[in-house]
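Colleague: My questions all concern the structure below.
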Amino acid sequence: MTRSARIIGAPTDYGANRRGVDMGPSAIRYAGLAAKLESAGVGTIDDGDVQAPRAEERDPDVVQPKTGKTKFLKEIEDVSRQLATRVSDALNNGETPLVLGGDHSVAIGSLVGSAADADIGTIWFDAHADLNTPETSPSGNVHGMPLAAALGIGEFEETVWANAPRLSEENVVLVGLRSVDKSENQLLEERGFTAYTMSDIDKRGIAAVTEEALEIAHDGVDGVHISLDLDWLDPKEAPGVGTPVRGGATYREAHAAMELVANHDGPRSFELVEVNPTLDQHNETASLATELAASAFGKTIL
Ligand SMILES: NC(=[NH2+])NCCC[C@H](N)C(=O)O
Ligand SMILES: [Mn+2]
Ligand SMILES: [Mn+2]
């Protein structure tokens with residue numbers, strides 16, 4: 001059966017520390033996403049964007065009364081709800097949702113939608129663990145919290161709109177870590193996640209790590225959501241991101257990992273996040289994102 005991808009844009013920067021990442025969906029489309037997928041034999045339907053209130057209309061000093069310093073939680077809830085519905089609708093239609101961020105807070109909606117009617121796992125390709133909660137976050141930026149939100153950790157236990165009902169931490173695998181906050185490290189030690197750092201990739205190689213990650217994420221579930229934060233890659237390859245960290249995955253490592261994703265049933269749902277065109281050079285990060293999506297959807301060299 002040929003796969004068809006439903007492209008869903010989530011042009012939001014509410015979860016990030018800097019502006020501009022809301023232009024990610026445009027930049028990724030402009031870089032030729034649909035054409036690259038089509039050349040890999042993947043049908044595409046572009047669903048347009050979810051509605052995110054314009055940045056210019058919002059209150060920059062907004063403070064959430066309950067959570068203190070968590071920024072723009074209301075706006076993020078609104079985007080997450082819309083996105084979750086679009087993602088689960090696509091899946092019910094037999095299509096593979098391909099979400100374009102936006103900052104990484106969009107993963108809340110992707111995960112909630114992907115886990116609405118199935119048991120899922122996820123692989124989080126990222127320099128960061130994104131496991132902060134409103135209480136532990138050093139920044140108040142929700143893009144550092146989406147995994148904790150989707151799993152209902154800490155204060156997120158009460159946050160119904162952010163809980164991915166059928167995602168369990170035993171099927172959550174983080175790959176490529178190199179910037180982890182203390183409280184995140186503690187969660188990684190205490191709970192059922194599997195985490196591979198860049199140093200694991202150095203020692204074991206990207207193929208062995210990714211294959212193991214896929215086994216764990218897929219174990220006993222219906223499918224796996226792939227979350228690809230472009231800051232997973234080294235900033236030399238992907239300069240257009242808001243929180244770059246040296247020592248990331250190389251161009252070839254990233255393709256190798258995505259090809260293994262394709263070979264292992266392909267993604268149940270997929271997202272490209274944190275592409276910020278205002279920080280990019282000639283749209284190269286967006287362009288790289290399109291290439292990696294094509295690899296994850298089955299494009300090979302020959
Ligand atoms: N999706 C991302 N780029 N996350 C960066 C998170 C950085 C830091 N850990 C924080 O909580 O603020
Ligand atoms: Mn990151
Ligand atoms: Mn991230």
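The backbone N, Cα and C atoms fix where each Cβ goes, glycine too.
Curation plays no part in TrEMBL annotations; they are all automatic predictions.
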Colleague: Given that TrEMBL annotates H128, D130, D229, D231 as binding Mn(2+) 1, state which candidate in H104, H255 belongs to that site as well.
Modeller: H104
Colleague: If the Mn(2+) 1 site is taken as the center of the Cβ atoms of H104, H128, D130, D229, D231, which further residues of that chain fall within 8 Å of it by their Cβ?
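Modeller: After dropping the recorded site residues, what remains is W124, D126, A127, H143, G144, W232, T243, V273, E274.
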Colleague: DSSP secondary structure for D231 (Mn(2+) 1 binding site), reduced to helix/strand/coil, please.
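Modeller: The three-state answer is helix.
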Colleague: Among the binding-site residues H104, H128, whose Cβ has the fewest other Cβ atoms within 10 Å?
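Modeller: Comparing Cβ neighbours within 10 Å for the binding-site residues H104, H128, H128 has the fewest.
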Colleague: Do you know offhand how many angstrom separate D229 (Mn(2+) 1 binding site) and D126 (Mn(2+) 2 binding site) by C-alpha?
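Modeller: Answer for this pair: 5 Å between alpha carbons.
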Colleague: Under 8 Å between C-beta atoms and at least six apart in sequence, can you list the same-chain neighbours of D231 (Mn(2+) 1 binding site), or say none if there are none?
Modeller: D126, A127, H128, A238, V241, G242, T243, P244, V245, G248, E274
